[in-house]
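> Would you mind keeping the following structure in view while I ask a few things?
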Amino acid sequence: MKTIDELLAEGVAGKRVFVRADLNVPLDGTTITDDGRIRAVVPTIAKLAEAGARVVVASHLGRPKGAPDPAFSLAPAATRLGELLGAEVAFAADTVGESARAAVAGLADGRVAVVENLRFNAGETSKDDAERGAFADQLAQLADVYVGDGFGAVHRKHASVFDLPARLPHYAGYLIATEVGVLKKLTTDVHRPYAVVLGGAKVSDKLGVIDHLLERADRILIGGGMAYTFLKAKGYEVGSSLLQEDQIPAVREYLRRAEEKGVEFVLPVDVVVAPSFPDLKTKAPAHPTTVAADAMPAGQMGLDNGPETNKLYASKLADAATVFWNGPMGVFEHPDFADGTRAVAQALVDSSAFSVVGGGDSAAAVRILGFDENAFGHISTGGGASLEYLEGKTLPGLAALED
């Protein structure tokens with residue numbers, strides 16, 4: 001995989017460099033609530049601009065239906081990128097149309113333009129190779145060189161990620177090079193004890209990575225909505241908590257295999273429950289109570305790890321040399337259910353372990369709960385991408401950069 005440093009050594013002054021970034025940031029209306037993904041790509045864009053490139057930045061945001069939708073416009077992200085770069089950033093109101101062509105044609109050396117949301121075009125995410133290829137052909141007309149730096153999208157076989165690099169000289173940006181380097185440490189040269197913390201809503205999203213980690217991790221700590229399927233698999237009642245009944249046989253098999261391989265599987269011993277899911281807009285009090293994990297009452301929903309679990313998990317992380325964490329321990333967006341996620345983050349801050357926060361909601365939680373990002377070994381920008389990398393899957397966006 002050739003890197004941006006090789007491109008810079010060849011010289012980029014006056015060249016149109018297409019940067020496939022990941023500006024898929026959470027929005028409240030037009031207000032960005034977490035700009036972490038934008039900040040992560042700034043080093044690549046800034047270095048290219050400094051070297052005199054004409055930088056064309058493209059990204060997706062959200063899941064529009066292959067047509068323009070103002071709710072998913074990249075305009076707020078383009079504005080924020082300009083603030084972070086300390087330079088004016090042009091914004092094109094379409095992706096490959098008249099506005100985009102004019103914005104790119106008007107770029108002076110060292111300037112940056114952002115084109116509108118890639119997913120406003122059906123060809124970006126099409127399952128049809130020809131349709132995707134046709135859109136990639138249009139994108140290729142905007143550039144002379146391709147730099148892949150949207151790690152959060154490398155697991156997608158999309159036109160801008162997979163097809164476009166085949167049409168242009170291609171290089172990996174700083175973010176992708178860093179992300180791959182960190183994840184390689186977790187797969188090839190891991191320092192032990194190796195602890196993994198998995199949370200989030202659905203156990204089905206994590207089965208592949210659990211299967212992989214049973215061969216590598218020393219202990220696996222489970223939290224979040226997925227924990228209740230594990231507790232049910234152990235024979236506990238879980239009230240009205242999130243439950244994937246169809247996954248119980250798979251979970252039981254993983255618990256059996258973990259025991260067989262000597263991998264410690266750690267589940268909550270107490271949980272914070274409430275009668276219903278909390279209101280995340282008003283943050284109204286949710287009337288939580290703490291109960292033992294094996295004594296959850298009917299009609300109550302588990303929404304966070306309890307204080308005894310938080311102490312237990314902190315003790316299990318204290319002596320780890322390496323920690324990978326993906327997924328919050330509870331509904332951290334509500335103050336009544338944030339302590340479990342906060343406790344894991346604090347345990348990683350207090351530990352001397354090399355800690356990797358695996359993107360998505362856990363990365364957002366670290367920032368929202370006020371932790372210093374530099375206190376962690378690495379905060380990934382790719383939730384799904386980092387999980388699929390750890391599963392050993394071929395990621396289309398990385399494979400395209402290898403060729």
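Yeah, the Cβs are placed from backbone N, Cα and C, and that goes for glycine too.
So Swiss-Prot says this about it:
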type    : residues                                                               : note
BINDING : Asp22, Leu23, Asn24, Arg37, His60, Leu61, Gly62, Arg63, Arg119, Arg156 : substrate binding site
BINDING : Lys206, Gly302, Glu333, Gly359, Gly360, Asp361, Ser362                 : ATP binding site
> If you take the centroid of the Cβ atoms of Asp22, Leu23, Asn24, Arg37, His60, Leu61, Gly62, Arg63, Arg119, Arg156, the listed substrate site, which other residues of that chain have their Cβ within 8 Å of it?
Ser59, Asn117, Leu118, Gly152, Ala153
> Count the Cβ atoms, other than its own, that fall within 10 Å of the Cβ of Asp22 (substrate binding site), considering every protein chain shown.
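That number is 25.
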> Reported as an integer number of Å, what is the Cα distance between Asp22 (substrate binding site) and Gly360 (ATP binding site)?
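Just about 12 Å between their Cα atoms.
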> According to DSSP, does Arg119 (substrate binding site) fall in a helix, a strand, or coil?
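SS state of Arg119 (substrate binding site) = helix.
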> Using CB atoms and a 10 A radius, I'd like the single residue among the binding-site residues Asn24, Ser362 with the highest neighbour count.
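That would be Ser362, with the highest Cβ count within 10 Å.
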> Say you check the Cα of His60 (substrate binding site) against those of the binding-site residues Lys206, Glu333, Gly360; which is nearest?
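Nearest candidate: Gly360.
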> Pairwise over Asp22, Leu23, Asn24, Arg37, His60, Leu61, Gly62, Arg63, Arg119, Arg156, annotated as binding substrate, what's the top Cα to Cα distance to the nearest Å?
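The widest Cα-Cα gap among those binding residues is 18 Å.
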> Going by C-alpha positions, which of the binding-site residues (Asn24, Gly62, Arg119) is nearest Ser362 (ATP binding site)?
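So, of the listed binding-site residues, the one sitting closest to Ser362 (ATP binding site) is Asn24.
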> Per DSSP, to which secondary structure element type does Gly302 (ATP binding site) belong, with helix, strand and coil as the options?
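Going by the DSSP assignment, Gly302 (ATP binding site) falls within a strand, counted as strand.
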> Just how many other Cβ atoms lie inside 10 Å of the Cβ on Gly62 (substrate binding site)?
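So the Cβ neighbour count for Gly62 (substrate binding site) comes to 15.
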> Given the binding-site residues Glu333, Asp361, which one is most crowded in terms of C-beta atoms within 10 angstroms?
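Selected residue: Asp361.
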> Work out how many Å separate Asp361 (ATP binding site) and Asn24 (substrate binding site) at their Cα atoms, rounded off.
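The Cα atom of Asp361 (ATP binding site) is 13 Å away from the Cα atom of Asn24 (substrate binding site).
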> Could you tell me the C-alpha distance between Arg119 (substrate binding site) and Gly360 (ATP binding site) in angstrom, no decimals?
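Counting only the Cα atoms, the answer is 19 Å.
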